[in-house]
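Chemist: I grabbed these lines from TrEMBL:
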type	residues	note
REGION	57-76	region 'Disordered'
BINDING	CYS147, ASP149, HIS206, CYS209	Zn(2+) binding site
Amino acid sequence: MAWLIRSKARLLVSATRPLRAPVDSFHCSHFSDLTDHSVCSSPRKWLRSKAMRLNDVDDTQSRSSSSPQINRRPPVSQLEVSSNSLALHEFAGSEVQNVNNSGVRVDLFDELKQRFLSFKRHKYLEELEHFQTLKEAQSPKFMVIACADSRVCPSTILGFRPGEAFMIRNVANLVPPFENGPSETNAALEFAVKTLEVENILIIGHSCCGGIQTLMSMRDDGDSSFIKSWVTTGKVAKSRTEAAANHLSFDQQCRLCEKESINRSLLNLLTYSWIEDKVREGLLFVHGGYYDFLNCSFEKWTLDFKGSSGEEGARLLVKDQELWC
């Protein structure tokens, strides 16, 4: 009989050995003495002692609360704001912070939060009827193609309200021709023209465009990148600029190319039959715009469809040119 008890005790030790590792903040102390040598020397005495200990534990638990004590993670501290500093203490997670001129670390997302709350108070709630209308559908009059440059925000520059302009922004505000195949830009154009039935397409270029500078500095040396592969869409604008202004400085050539690329993109729009047909019927108008943030001026012009062609040997005529300054 003793050998049977010893055998079962050994099996119990083997089965419970993995439980000895700590689990979360609890430790399986009830099994900590299973490796006691008394198991082998006097198994009956050990089992009797174990039973008495378990009874003591049950009595203790019955006297305590039915809800176990759980070690909870301390809450994330709130932002502490004073007139001199804005600090974030005990932030659990990655922080996005900046340092202002006085060396104070400022949480950038707290600033965005304040801007959003200001928008809600001074725009959304004051124009609640307008935003309630946008819940049902959007019916913008403009499709805007602008550069991804952080200094060029069409809604800020031209004052578009939510719902007034369907937008896409890319490097150098380029429109690829139809034969280049699918892209995010022509997908957005298709949705704007076919589904939303916008009445105007406006391509906005700008001064000091890094995408155009990349285009103008490219050489046929096989070097490639995502940016260079994309800006080659404007290679016709580059070649026309170099042919007409090779006696000018690089910066002057870039400025000319910034405007020439807008005109090439206007012509590229006509390579899409569903755009050309609507322009011909007078249901859609395409415009160019150039924002010079060096002196805060804006040039605007409209493509004259009757004198323009988007096919090979493309030519462009414009009308309704204006300078806003």
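These residue numbers are counts, starting from 1, taken along the chain as shown.
Any Cβ shown, glycine's included, is placed from N, Cα and C.
Distances, neighbours, how buried they are, the whole picture for these features please.
Modeler: Annotation for CYS209 (Zn(2+) binding site): spatial neighbours CYS147, ASP149, ALA172, ASN173, CYS254, GLU258, criterion Cβ-Cβ under 8 Å with sequence separation of six or more.
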Chemist: Indicate the candidate from CYS147, ASP149, HIS206 with the smallest number of other Cβ atoms within 10 Å of its Cβ, considering only these binding-site residues.
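Modeler: Candidates: the binding-site residues CYS147, ASP149, HIS206. Fewest Cβ atoms within 10 Å: ASP149.
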Chemist: An 8 Å radius from the center of the CYS147, ASP149, HIS206, CYS209 Cβ atoms defines the neighbourhood of the Zn(2+) site; name the other residues of that chain inside it, in order.
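Modeler: Surrounding the site, in chain order, are ALA146, ALA148, ARG151, VAL152, ALA172, ASN173, GLY205, SER207, CYS208, GLY210, GLY211, ILE212, GLU258, TYR291.
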